[in-house]
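Per TrEMBL, these features apply:
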type	residues	note
ACT_SITE	Tyr45	active site, proton donor
BINDING	His107	substrate binding site
DOMAIN	24-281	domain 'NADP-dependent oxidoreductase'
SITE	Lys74	site 'Lowers pKa of active site Tyr'
Amino acid sequence: MSNVYVQLNTGAKIPQIGFGTMQAASGVEIAVKNGYRHLDLAPIYQNQKEIGGTLKKLFDSGIVKREDLFLTSKLWNNSHRPEDVPRALEATLSDLGVTYLDLYLVHWPAACARGKALVPEDESRPGYVELDTEVTLVETWKAMIALPKEKVRAIGVSNFTIEHIKGITEATGVIPAANEIEAHPLLPQDELVQYCNEQKIRIIAYASFGNNSINRPLLIENDVVKEVAKKLGITEGQVLLAWGTYRGYCVIPRSVNESRIISNFKHVKLSKEDYERVSSICEEKPVRFNIPYCDALKWDISIFDGPEEKGATHSVKIQ
C-alpha cells in the first residue's frame, strides 16, 4: 500500500490518510512500518514524549527518515498568550525529538488559564475549566505567524468555524493551511467545508467513526454503512474513511489494533452512488460528538453556536 498525497495552500504535499495518536501511541510503530507517513499529534494526548521515543527507534533503525514523515502537532489551549506560543512549540519539538513540524495547528479557538495544568479547574467554579477570556484568536494567530519557518513549515487551525477563520485572516492576511475538524456523514459541515475549499484550506477530518463521548452508537454500527461495506467487501471503517477522502479530506483514523491499523490505510474509492448512499444517513439535526461545553469538566464557552451550547456564558473572543 502506498500513500496518496494532496496539497496544502503552501505547496506542501500531505498524505491523505494519516494516523491519529490520541490514546494510540503504541500503534505508531505499527502504522509507520505499514506505510503511514502522516502522524497527527497533540500535547493534550499526553504521549508526545513516548512517541518521540518511537520516532527515534524508527529513525535509528533506518525504517524512515525524518523527511519521510509529515508531522502535525497542535498548540494547546493553555498556551494561547503570544509569549507562550514559541515555548509551547519548543516543548513539543523536544518531546518528539525533532527539529521541525510540517504543520502546527491552534487546537481549539478557546483558551484556558496559563500554567502547567492542561485542563485547569476553576477554583471558584468546581466542575468548570478556568478560562482565559482576555487573549484573542488574532493575538494567538499573529504569534503562530511569527514562529520560525525552519521550525514550523505550515500553520493552521482546528475546530474553527467560518467566523473564526474570517476573523484571523482579515486581521492578518494569512490564511490557515488546514482546518482539522470533526467531520463524518452525521456531521458533513457542508457550509464550512465549502468555505475552506474556496480558501484552499485543507480539511483534516477527525472522529470519522464518531466516538464514545455521547450516548450514540458509532457510525461503523450504522445499517447503511454496513450495507455498503458488505456490498463492496470492505470494512465499515474503510467505507467511512473513503467517504471522507471522496470529499477531499485528509483523514486520521486511530487504533492500537494491528489489523485495523492496516485496513484503515487501504485507499478505497467510493462510486458516486455509494458515496450518496452513505451521505444519506445525515439526519436533519447534525450529530456532533465533540463539544467542550459538554465535557465532564465543562468549558463554559460556545464554540460552534450549537443548541448544546446555549447555556454557555462565554463566546470565542476573536479580536
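Heads up, the Cβ atoms here are built off N, Cα and C, so glycines get one too.
Automatic prediction, not curation, is the source of TrEMBL annotations.
Not measured: the values here are computed from a predicted model.
A map of TrEMBL features onto the structure.
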residue: Tyr45; record: active site, proton donor; CB count, 10 Å: 21
residue: Lys74; record: site 'Lowers pKa of active site Tyr'; CB count, 10 Å: 25
residue: His107; record: substrate binding site; CB count, 10 Å: 20
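For the pair formed by Lys74 (site 'Lowers pKa of active site Tyr') and His107 (substrate binding site), distance between Cα atoms is given as 5 Å, rounded to the nearest Å.
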